[in-house]
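Undergrad: I have a structure here, written as structure tokens, and I will follow up with some questions on it.
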Amino acid sequence: MVMKIGILALQGAVREHARLVEACGHEAVPIKRVEELKHIDGLILPGGESTTMRRLMDRYGFTEVLRQSSLPMFGTCAGLILLAENVTDQTCGHLGKLDITVARNSFGRQVDSFEAQLDVRGIDEKAEAVFIRAPHIVSAGSGVEILSETAGKTVAVRSERHLGISFHPELTDSTVFHQYFIDMVASLAAETIR
Amino acid sequence: MQQTGTERVKRGMAEMQKGGVIMDVVNAEQAKVAEAAGAVAVMALERVPSDIRAAGGVARACDPRIVEEVVDAVSIPVMAKCRIGHITEARVLESLGVDYIDESEVLTPADEVFHLKKDDYTVPFVCGCRNIGEAARRIGEGASMLRTKGEPGTGNIVEAVRHMRMVNQEVRQISVMSDDELMTEAKNQGAPYDVLKEIKMLGKLPVVNFAAGGVATPQDAALMMELGADGVFVGSGVFKSENPEKFAKAIVEATTHYQDYELIGRLAKELGSAMTGIDISQLSLEERMQERGW
């Protein structure tokens, strides 16, 4: 079945995610308005500037709706920060979807941004990972599975409905993470039907 | 193994800025206003372009104290300008931890023959361009992001429009050229053949291209998005307006929702007057910043 995967299109690398969703054989839908959330099976929160995205999410009513929503979500970099329950230098998190604490810019400034090959639990091949002023996961609650680490820092996690990673698969040609998310969406949809 | 300063890391950083607004700021206080309004980055400089125009003399890279002040004040990325060809200004900015350097015609060029060899640096660069020749040469030197030159500090959008339309038109032409035509095009444009080949293969520029140089109203920002800009730089427009805070927010919203004309109308209604504009024909060739660099 072809899944409709929304990509929050307020700011950031939207087109790149759309390209990989389509490469997996599914439909990519840019989301600029809250009403558009009704027609999708899963939502990607792309990389960009988390501060900017949060401001725009508040202004257009996304924050409240997404907090209540049961949509499966996949966040990369800034998107991971949006999904987290806690952010270290802020009084509260944004959407509180993943029971984790994240720290922003944890690998340094842009000159420290890097590429690496990662081992990821549940994915057979090495994953190409591009880290740009990336956050990392400081701690994770009991319902959260740790999928990958680099330099002693957790950089990929999942729960039943949510996938969060520190880096940008959308800047590579590899579809492994998008396929992983779409499989999550499909199995959750199958459960609901059953 | 972790690899820093790769092409993907440098170009990718600019990809994350897409759909956003980058604002010129001259101190920490302005940087905080820009961040609060939803800017995706700030550009630290000593004077905004319209003041550089008014002051005359030599415009140099920003005082390191201001750069540090701005870096400490905000969590969004900080960019800073260096003079065209000024290797040391660029290296100093890199050592200060700046996230992106603009090798900019807004400052007085330090070298009238050579631009920086930008792929030598770990920090990524953005450069101005008016046509595909300039765009391809800057990419060939290692620029990871482009912007239109426009005509900075004028509050007049006409040059940014001209440059955005020109580059996009030339990209479309290149994408349907045969390989032999492409070599002649490279010769005529003085553009690296490999870069033109990459543009042809992708059907678009291999790096993002923002609008810059003359954006003075939310409508201007939205117009540039309509014409295919990946995002917008606002120089003098924000802090030379009547109410910078409101103005900055309006520009950000208009950039995100550039086809929501009702919203843009509402935003514009609440703003005071924009900065005073300058007609380009009133500027002599020497006064036009876009003529700097090649």
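Just so it is clear, glycine is given a Cβ too, placed from its N, Cα and C backbone atoms.
TrEMBL: automatically predicted annotations, no manual curation.
So TrEMBL says this about it:
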| type | residues | note |
| --- | --- | --- |
| DOMAIN | B:7-212 | domain 'PdxS/SNZ N-terminal' |
| BINDING | B:ASP24, B:GLY153, B:GLY214, B:GLY235, B:SER236 | D-ribose 5-phosphate binding site |
| ACT_SITE | B:LYS81 | active site, schiff-base intermediate with D-ribose 5-phosphate |
| BINDING | B:ARG165 | D-glyceraldehyde 3-phosphate binding site |
Undergrad: Roughly how many angstrom lie between the C-alpha atoms of B:GLY235 (D-ribose 5-phosphate binding site) and B:LYS81 (active site, schiff-base intermediate with D-ribose 5-phosphate)?
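TA: About 12 Å separate the Cα atoms of these two residues.
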Undergrad: Starting from the Cβ centroid of B:ASP24, B:GLY153, B:GLY214, B:GLY235, B:SER236, which together make up the recorded D-ribose 5-phosphate site, report each further residue of the same chain whose Cβ lies within 8 Å of that point, ordered by sequence.
TA: B:VAL48, B:PRO49, B:SER50, B:VAL106, B:PRO152, B:THR154, B:GLY155, B:GLY213, B:VAL215, B:VAL234, B:GLY237, B:LYS240
Undergrad: Cα-Cα, whole number of Å: the residue listed as 'active site, schiff-base intermediate with D-ribose 5-phosphate' versus B:ASP24 (D-ribose 5-phosphate binding site)?
TA: 10
Undergrad: Determine the mean pLDDT over the domain 'PdxS/SNZ N-terminal' (B:7-212), rounding to the nearest whole number.
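TA: Taking every residue in the domain 'PdxS/SNZ N-terminal' (B:7-212) and averaging pLDDT yields 96.
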Undergrad: Mind giving me a neighbour count for B:GLY235 (D-ribose 5-phosphate binding site)? Other Cβ atoms within 10 Å of its Cβ, every protein chain shown.
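TA: 28, counting other Cβ atoms within 10 Å of B:GLY235 (D-ribose 5-phosphate binding site).
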Undergrad: Take the Cβ of B:LYS81 (active site, schiff-base intermediate with D-ribose 5-phosphate) and count every other Cβ within 10 Å, whichever protein chain it belongs to.
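TA: The answer is 27.
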Undergrad: Could you tell me the C-alpha distance between B:GLY153 (D-ribose 5-phosphate binding site) and the residue listed as 'D-glyceraldehyde 3-phosphate binding site' in angstrom, no decimals?
TA: 20
Undergrad: With DSSP assignments reduced to helix, strand and coil, which class does the residue listed as 'active site, schiff-base intermediate with D-ribose 5-phosphate' get?
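TA: Once the DSSP labels are grouped into three classes, the residue listed as 'active site, schiff-base intermediate with D-ribose 5-phosphate' ends up as strand.
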